[in-house]
Every structure is written in C-alpha cells, then in structure tokens.
Amino acid sequence: MQSQESEALQARYRLACELAKAGAELAFEYYQQREALTVDHKGDDLQDVVSVADKRVEAFVKQRIQSAFPEDGFLGEESGARLPDARVLWVVDPIDGTSCFLNGLHTWCLSLAIVADGEPVIGVVYDPNHRELFHALRGHGAWLNDAPIRPHPATTVKEGVMGVGTRIASPRRTFCRFCRRCSATAACLSATAPGR
C-alpha cells in the first residue's frame, strides 16, 4: 500500500510541476497583452485585484487536475473550493502578484501546493519571467529547476536576508490609489530558500 501511495504522490508531483509551468506560460501570454485585460477589485481593497487572466489560468489548471485526479479537491484563489474535504487537496494561486503582473513588473508567479491528509506534501512555484521552477516533495528536498537547493548558511537573522510585506489598506486611501509591493509572496518566499 505504501508503494501505491508513493507512486500516486509522485504522479501528482510530476503533474504539479507540469501544470505550474503550463499555467504560468498561459499567464505570460496574457502578461504580454496586459493593457487590454479587464480588471476587477475584490471588495473595497484597491490592492486586491483580479483579471480575466487569473480566472482563465485557474480554470485551465483546475480542469487538468480534475481530468487527472477527479477524486482530489481543489481550492483556487479565484474560484473557491471543490471537494475541500477530499483526502488530497490542490491549492492554487494562478497569478500570485496580480498587481505586479498588471503593472508590468516581472515579480509574479504561479504557486501551487498539495495537501494530503491535512499535511502539505508538495509545493511548486514557477516564475515564467526568469524561467525558474521551485519545487519540493516532502522528504525529497527542494529544487530550483533541476538543481537541489542548498540553503543559505546563515545561522542568525543578522547574517540572513529577510523579505517584508505589508497590507495596510485604509491609510493608503487618503493619499494614493495603489501602494506597490514589488514581489509576489510565493516568489519572495521561494527566493529565500537558496539565500537570495
């Protein structure tokens, strides 16, 4: 039984890596025509935007997952949940850093995770602007494209690199319509693994 579960997880890992790349490449096609995209705000937060690209990329990824593993659940940034209590749940942000994407910055990505029995077991982030695929399968290390990631040797905060983000919406409204964060959360977190 353990071998079958391992093979099933490996199959999902391969698909996750393929889908992260294919979905991000689809997003990149929209990125090249971003001025023509329809953009909406989620609620009153001017920072929280969604475009037709987000929705279409998520639909593409969701359809491929459902075709390959119909018993798996899906939780998407844009479409919500399908079978959220399934044993295996795919969690997808089709364009992490939509505001960066829409403003022409190269710091957006597609992020995807798989949770099995309530535990994260697979993580994949693909940055199509830099052709970087960060991926990990629990127990098998983390990888950047085809090379294992070697963690930065820092042992104290003073020696390391830290990413900082903020989400203070209401004070901003008094003096500007948009305060730029220069990186998608998943891209920033992925970059910390190799010590960038």
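Each Cβ is built from the backbone N, Cα and C atoms, and glycine gets one as well.
Because TrEMBL annotations are produced automatically, they should be read as predictions rather than curated entries.
Under DSSP, Ile95 (Mg(2+) 1 binding site) is assigned to a strand (E or B) in the three-state scheme. Ile95 (Mg(2+) 1 binding site) counts 30 other C-beta atoms within 10 Å of its own C-beta, drawing on all protein chains shown. What TrEMBL lists as Mg(2+) 1 binding site is Glu77, Ile95, Asp96.
Cβ neighbours within 10 Å of Asp93 (Mg(2+) 2 binding site), excluding its own Cβ and spanning all shown chains: 24. Summarising the annotation, TrEMBL assigns Mg(2+) 2 binding site to Asp93.
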Same chain, 6+ residues apart, C-beta under 8 Å of the C-beta of Asp96 (Mg(2+) 1 binding site), given in sequence order: Glu77, Trp108, Cys109, Leu110, Ser111, Val125, Ala184, Thr185, Ala186, Ala187
